[in-house]
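K.L.:
Take a look at the following structure, please.
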């Protein structure tokens, strides 16, 4: 039985297929844009609620205080129980770098689009510089506490042998181990980053309410910060469940909360500070008064 020649699609058919693909792409872009706008509006409304932010402080405190109890109800062999897991290495150890990158882009866009002034933008970005100084200072303070409270030990098959070496450097140089009171720097950093990001992201609700430019790029950056904030909450919960001693975690979170209070809760409200998030960005409503 003979077969006729295969006839390819003609120009008209190819044009219809191309038009159908173009239409499908437009629909997908419209759906993505609608989800982006809806998601950013709802997230901004949620984070902009003062009541929710107060509850958020209570949530973080509950995670650190009661979260360790979950270690009796979770699988100890899960990937998050390993110090070398992907999230611990790539995110927790570099939490401040991720926070600065994502939050810096958000603050830069919001402040510059609202004011168009480089000096004001630089002033608001300086809060991240202060945060970096807090992180570095806290890390050095934690190491100092460990040095002052520690002792030198040599691990043996029968246990540990105490050595009378005076400081960490000489102890480690001799091949021994230095053990002191170790404040959890991971718990401190994740707590501080969570509070800092929640405070900075709350400005977006007021930004949208004033009808300032809020295109897709800004909304996307905002949602990326929201996702990073959610990741920090999850990794904080994993940290308090699987790692560090209880008091070390509680002290680390307490220091992180205190650092937030000293900066965002107190100093940034003073005129000689970098300013609180949203300060000077939005016009104040004029009150109309009748003079007799």
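Placed from the backbone N, Cα and C atoms, the Cβ positions cover glycine too.
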K.L.:
Please find, within the list 250-268, 269-287, the residue stretch that TrEMBL describes as transmembrane segment.
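P.N.:
So the range that TrEMBL calls transmembrane segment is 250-268.
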K.L.:
What range among 148-171, 220-243 does TrEMBL describe as transmembrane segment?
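P.N.:
The range carrying the transmembrane segment annotation in TrEMBL is 220-243.
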K.L.:
If you count Cβ atoms within 10 Å of the Cβ of residue 186 (active site), leaving out that atom itself, what do you get?
P.N.:
21
K.L.:
Spell out yes or no: are there three or more C-beta pairs under 8 angstroms between the transmembrane segment (95-114) and the transmembrane segment (250-268), with each pair 6 or more apart in sequence?
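P.N.:
Not in contact, no.
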K.L.:
Give me the CA-CA distance between residue 248 (site 'Important for catalytic activity') and residue 186 (active site), in Å, as a whole number.
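P.N.:
Here the two Cα atoms lie 10 Å apart.
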K.L.:
Could you tell me what the rest of the chain brings near the transmembrane segment (220-243), counting residues at least six beyond its ends with Cβ under 8 Å?
P.N.:
36, 39-40, 43-44, 47, 60, 63-64, 67-68, 70-71, 74, 76, 80-81, 83, 87-88, 91-92, 95, 98-99, 102-103, 105-106, 109, 184, 186-187, 190-191, 193-194, 197-198, 200-201, 204, 249
K.L.:
Can you grab the distance from residue 244 (active site) over to residue 186 (active site)? Cα atoms, rounded to a whole Å.
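P.N.:
With distance taken Cα to Cα, residue 186 (active site) is 9 Å from residue 244 (active site).
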K.L.:
Other than its own, how many Cβ atoms are within 10 Å of the Cβ belonging to residue 248 (site 'Important for catalytic activity')?
P.N.:
19
